[in-house]
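Student: Sharing the record's features from TrEMBL:
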ACT_SITE  Asp56  active site, proton acceptor
ACT_SITE  Asp196  active site, proton donor
BINDING   Ser30, His87, Gly163, Phe164, Gly165, Gly166, Asp196, Gly197, Gly198, Gly218, Thr219  substrate binding site
BINDING   His54, Asp56, His87, Asp196  divalent metal cation binding site
Amino acid sequence: MSGLRRGFATYTVRVAQFQAAQADTVIAPSLLAADFARLAEAADAVEGAVDWLHVDVMDNHFVPNLTLGPPVVKSLKAATAIPLDCHLMIEDPARWAPGYAELGAYNVTFHAEAAADPAALAKDLRAAGAKAGLAIDRDTPVEDYLDLLPEFDTLLIMTIKAGFGGQQFIPAMLDKVRTARTHARAGHLELRIEVDGGIADDTIAAAAEAGADAFVAGTAVYGADDPADAARRLRARADAARSPH
């Protein structure tokens, strides 16, 4: 095979891998909306219906709220087989984030606003065995970080102001999703675009149409009588919105 043909074949395989990687919708219920005294039961309630468990880590410094930390993540890892999607809303993520990867978190996402060298931290997380995610808050332009996306597995776009659950979805944030998805497609990046904040039955389709393929839902899942059924309903709506028309 000539070098040109071999190069084209490699390119074709990479494009196919990229398309396959983006084919599946990810539903990630947020434990922030669950009963903190019964987190193992909250995980059991959605097993088989979701892809990740979203763990919101807040330090009361980067955001004005205090939630879960490494001991809880360690216990969750032992209690469930569902991959843990840790969203670190903390200061000094370079100091703390690798520890979550070492605990076995599947995906560790930190905020761009808190990181001195996001690309270096992404490399450290991958070396520790986790996927690396970059989060941008409501008031942060996504354009400032597009060149860094090849270093990451996930881009988390806040569709509310980070810090508290139960807030109202901000439709204008979907412009960031569209911009990031266009950039990812142009660069053939294997990138999950995750949206977090106000995701529910009446908002998930718009987020999916904009280009998101991973969806954090707290109250919409754990506020329902049947969390697993609620998660399946969200998946169906996202899948329908993402399907070619």
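The backbone N, Cα and C atoms fix where each Cβ goes, and this holds for glycine too.
In TrEMBL, annotation is done automatically, which means it is predicted and not curated.
Remember, it's a predicted structure, so these values are computed and weren't measured experimentally.
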Student: What are the non-local neighbours of His87 (divalent metal cation binding site), defined as same-chain residues 6+ apart in sequence with CB under 8 A from its CB?
Tutor: His54, Val55, Asp56, Val57, Thr109, Gly133, Ala135, Leu156, Asp196, Val216
Student: Cβ within 8 Å of the divalent metal cation site centroid (His54, Asp56, His87, Asp196 excluded): which residues?
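Tutor: Residues close to the divalent metal cation site, other than His54, Asp56, His87, Asp196: Ala28, Ser30, Leu32, Val55, Asp85, Cys86, Thr109, Leu156, Val216.
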Student: If you count CB neighbours within 10 Å, which one among the active-site residues Asp56, Asp196 has the smallest count?
Tutor: Asp56
Student: DSSP secondary structure for Asp56 (active site, proton acceptor), reduced to helix/strand/coil, please.
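Tutor: Assignment for Asp56 (active site, proton acceptor) reads strand.
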Student: In DSSP terms, helix, strand or coil for Thr219 (substrate binding site)?
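Tutor: SS state of Thr219 (substrate binding site) = helix.
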Student: Near Ser30 (substrate binding site), how many other Cβ atoms are within 10 Å of its Cβ?
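Tutor: I count 23 other Cβ atoms within 10 Å of it.
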Student: Using CB atoms and a 10 A radius, I'd like the single residue among the binding-site residues Gly165, Gly198 with the highest neighbour count.
Tutor: Gly198
